[in-house]
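A.B. asks: Pulled the feature table from Swiss-Prot, pasting it below:
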TRANSMEM  18-36  transmembrane segment
TRANSMEM  43-60  transmembrane segment
CARBOHYD  Asn63  N-linked glycosylation site
CARBOHYD  Asn86  N-linked glycosylation site
TRANSMEM  108-128  transmembrane segment
TRANSMEM  133-153  transmembrane segment
CARBOHYD  Asn185  N-linked glycosylation site
Amino acid sequence: MDQARNFYNTILKSSHPLLLSFHLAGKAVPIVFYIIGSMFLNFTPQFITVVLLLSFDFYLTKNITGRKLVQLRWWYDSTDVNKDSNFTFESYKQYAPGPPINAIDSKLFWWSMYVTPVIWGVFAVLCLLRLKIFYLILVIVAMCLTAWNTYGFRCCDRWEPNSGQSDGQDTNNWFALPSVPGFENLSRLANIQSFFQRQ
């Protein structure tokens, strides 16, 4: 009971306690529904509900909570084939100094962003061990959505607007494989943006 009260008091110290609560709930609700949903629903409605919850969390994090809690926003434009990177970023770094980012907001935002894909990864391993292929598909969708959002925010956080590089130009180094002679196609496969573009 004391831990719940301490966590509640921590949330109250946030700059945006209601928004931080929605952010954390957006991460937790799909996981909880994935765990207990099979007790009262068949697979199909559970699958649809979890994917809708994940989509809502993706939208909420990408467009609202990321912007308010850590002052970061990103989007991916796959239509512009002339750019080195299709990421576009908005960051507190490119504007005049404003109110500082609350340490509690930042810490809980980043912890939730990094822990959520790991939890879905554990579920993927469990699905493989128990040979639950259909649930594995659901977990892979969840891993992709949460990891892609985390990757976008990580690149946005690392982006330096005054470095002379275009938006997101140097962000793909984090995901690139090491250069191994004879395996150029493998490293191109790891570069996510080139996967969706015509050569």
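The backbone N, Cα and C atoms fix where each Cβ goes, glycine too.
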A.B. asks: Rounded to an integer, what is the Cα-Cα distance in Å between Asn86 (N-linked glycosylation site) and Asn63 (N-linked glycosylation site)?
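C.D. replies: With distance taken Cα to Cα, Asn63 (N-linked glycosylation site) is 17 Å from Asn86 (N-linked glycosylation site).
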A.B. asks: Of all the glycosylation sites given, Asn63, Asn86, which has the fewest Cβ neighbours within 10 Å once its own Cβ is left out?
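C.D. replies: Counting other Cβ atoms within 10 Å of each of the glycosylation sites Asn63, Asn86 gives the minimum at Asn63.
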A.B. asks: Translate the DSSP assignment of Asn86 (N-linked glycosylation site) into the three-state scheme.
C.D. replies: coil
